[in-house]
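What follows is a set of notes on a single structure, which appears directly below.
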Amino acid sequence: MPAHITTAPPTVHTALLGLGVYRPRRVVPNSEIVERIDSTDEWIRTRSGIATRHWADSDETIVSMSTAAARDALAAASMDADQIDAVVLATSSQMVLGPSAGAVVATELGMHNTAAYDVSAGCAGFCYALGNASSLVRAGQARNVLVIGVERLSDLLDPTDRSCAFIFADGAGAAVVGPSDSEGIGPVAWGSDGSQTDAIKQDKDFQQYFGEVDAALAGGPAPVRPYIRMNGAAVFRWAVTFLESACKDALTRSGVSVEDLDAFVPHQANSRITDALVRTLGLPGTAAVARDIAETGNTSAASIPMAMEQLLRSGESKPGDLALLLGFGAGLSYAGQVVRMPEIV
């Protein structure tokens, strides 16, 4: 008789069990940026809602920031590192192709023989990773999963670029995903549109840059390093015309109406995009809206967990509240899900 392949017993419900963040020590006000981009504090605040942002020092690395955020997430979940079966780390600013940052973070946390990998989905990265983690737990592939969103985007900024220099920032957020008696993470609504890759992108690939380096060594002009470039107008148009349907898709998949929401946590891209989504969704006035961008800037894959933590820390939201998360950015890509807000330390 042929052998049969067995499967792991599935888990019915998953939830966010704990949340932690790391904000770099250095706070950078608009006044430090305006001269090189020929701008003003008022212009930056009006265009983006940003007053300050955090930029990492040399010792605040992708790994160290992730590890710090993860320790707080584990503490909030009353869990030890050896209870984690997998690490899913979302980032677009890891400066090496291998090993994965997730694997290094797992070791830093004292994990042994733990599955770990990185996800690259731009500013939608955390919600992509969260969807992965929830599915791993549901499928019985893992009991508890550590999800991390982390960026050091200051490494990729052209300080003279008027479209990007004031937007992007650094930081990390982490969450523990595990089984629950009731549903705490709804189905993910996600997608991408590769026809709009030019809206947010690295302006040259590394092969092109290495060619410039070789040419410079042979006596040619100095190489120019790659930077992030963004067409802000294109991103704004896409966000305000398409993301309403993405939000409604996430709500429908979760069997939740907008009136049921206690909180809305969109990617902290731009305060005007947040305002537009609040209006078009008809969000109830009682719902808390994340506006962490004012003090934190756009931290891409880290922005949603960092914004969740700010809502919880301020008391605007509380553990167990029903929240809609929506990540969106380079790709162009998006992902959203309805969750119950987690515990923090």
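Using N, Cα and C of the backbone, Cβ positions are placed for all residues, glycine too.
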Checking 58-62, 253-257, 268-272 against TrEMBL, the stretch recorded as region 'ACP-binding' is 268-272
In three-state DSSP terms, CYS123 (active site) is classed as helix
Taking only the CA atoms, the spacing between ASN298 (active site) and HIS267 (active site), expressed in whole angstrom, is 8
Out of CYS123, HIS267, ASN298, the listed active-site residues, fewest other Cβ atoms within 10 Å surround the Cβ of ASN298
Between the C-alpha atoms of HIS267 (active site) and CYS123 (active site), the distance in angstrom, to the nearest integer, is 7
